[in-house]
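Below is one structure, written out as structure tokens; comments come after it.
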Amino acid sequence: MIWGNHSLLMEFVFLAYPSQPELRALSFLGVSLVYTLIISGNVLIIMAIQTEARLHTPMYYFLGSLSGVEVCYTAVVVPHILANTLQSEKTITLLGCATQMIFFIGLGSADCFLLAVMAYDRYVAICHPLQYPLTMTLTLCGRLVMASVVIGLFLSIQLAAFIFSLPFCRTRTLEHFFCDVPPVMRLVCANSHIHELSVLVAATLAIAIPFFFIATSYVFIVAAVLKIHSAAGRHRAFSTCSSHLSVVLLQYGCCAFMYLRPSSSYYPKQDQFISLVYTLGTPVLNPLIYTLRNSDMKGTLGRLLTRNCLSQNN
């Protein structure tokens, strides 16, 4: 079986995992704990939005969709990280590496597009409140979520097809935990400038353009909020946006650092840490940020957990 000039059975070896048994056990327990928090936190948000009728609004529909994407996004790499932590041979085939990259980058890009969609939702709600019910219909919300996922996967398929059609060097060791773009590109034996430019274009489409859209939306939002005369009204408007802005800065900051830069500035240890932040840190913080800063979500989650505890006791 041949894919381009590569055998599909060719394997990459991951070097970022600890070799000492004590560190391996500690790493496994730590990642398992964080992954449990990611799944439970995001699933609770999805359940709360589905069960509470007053949360059936576009803002919470997008929040639930974001939680769903993050559950899938982490499922692409975290179980693989956990398995490799315990295994003696930490390898992945060429086809497995390409598949992992497609879904990791695709769902990560969908995450970025969804954050841009959520900014548009807040823009319409605050700047055009009378038109909001007519503009943000359930049909439009569903199409925006679907478009975010489809465009993200389309870009990642194009990027992965391009990267894995290039010739790889004989050294097939990845100084990383999974198949991400920067460490895989380090193994390419070809004219790096053209390939770096291609990756930069894909990263610009998935990261820079949505971030510019978010920034533009918030310029109009801030201008509209400052025109509100009552302090309570301004506080209410800003509180609905503060959670979203916190998540945006965390997500886009890490992604921009990883993908919007030349490969010459790639430092394995530093990049391994940053990749863990946006693979584990951001998905576990998002539910906390949206829950702690949102009274409706806190109340709904409290009632949901209370009902579950009561049903178990009975």
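Glycine residues also receive a Cβ, built from the backbone N, Cα and C atoms like all the rest.
Here's what TrEMBL has on this protein:
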| type | residues | note |
| --- | --- | --- |
| TRANSMEM | 25-48 | transmembrane segment |
| DOMAIN | 41-290 | domain 'G-protein coupled receptors family 1 profile' |
| TRANSMEM | 60-82 | transmembrane segment |
| TRANSMEM | 102-120 | transmembrane segment |
| TRANSMEM | 140-164 | transmembrane segment |
| TRANSMEM | 200-226 | transmembrane segment |
| TRANSMEM | 238-260 | transmembrane segment |
| TRANSMEM | 272-292 | transmembrane segment |
Q) In terms of Cβ proximity under 8 Å, which residues at least six beyond the ends of the transmembrane segment (200-226) contact it? A) 105, 108-109, 112-113, 115-116, 119-120, 122-123, 126-127, 152, 155, 158-159, 234, 237-238, 241, 245, 248, 252, 255-256, 259-260
Q | Residue numbers, six or more beyond the limits of the transmembrane segment (102-120), whose CB comes under 8 Å of its CB atoms | A | 59, 62-63, 65-66, 69-70, 72-73, 76-77, 144-145, 147-149, 151-157, 159-160, 178-181, 206-207, 210-211, 213-214, 217-218, 244, 247-248, 251-252, 255, 278
Q. So which residues does the transmembrane segment (140-164) touch in its own chain, when a touch means Cβ under 8 Å and the partner is 6 or more beyond its ends?
A. 3-4, 6, 58, 61-62, 65, 69, 94, 97-98, 101-114, 117, 120, 181, 184-185, 188, 195, 198-199, 202, 205-206
Q. Same-chain Cβ contacts of the transmembrane segment (25-48) under 8 Å, 6 or more residues past its ends?
A. 17-18, 55, 63-64, 67-68, 70-71, 74, 78-79, 81-82, 85-86, 280, 283-284, 286-288, 290-291, 297, 300-301, 304-305
(Q) Within the same chain, where does the transmembrane segment (60-82) have neighbours whose Cβ lies under 8 angstroms from its own Cβ atoms, ignoring anything closer than 6 residues to its ends? I mean 6 or more beyond. (A) 28, 31-32, 35, 38-39, 42-43, 45-46, 49-50, 92, 100, 103-104, 107-108, 110-111, 114-115, 117-118, 121, 138, 141, 144-145, 148-149, 177-178, 279-280, 282-283, 286-287, 290
Q) What average pLDDT is reported by the model for the domain 'G-protein coupled receptors family 1 profile' (41-290)? A) 86
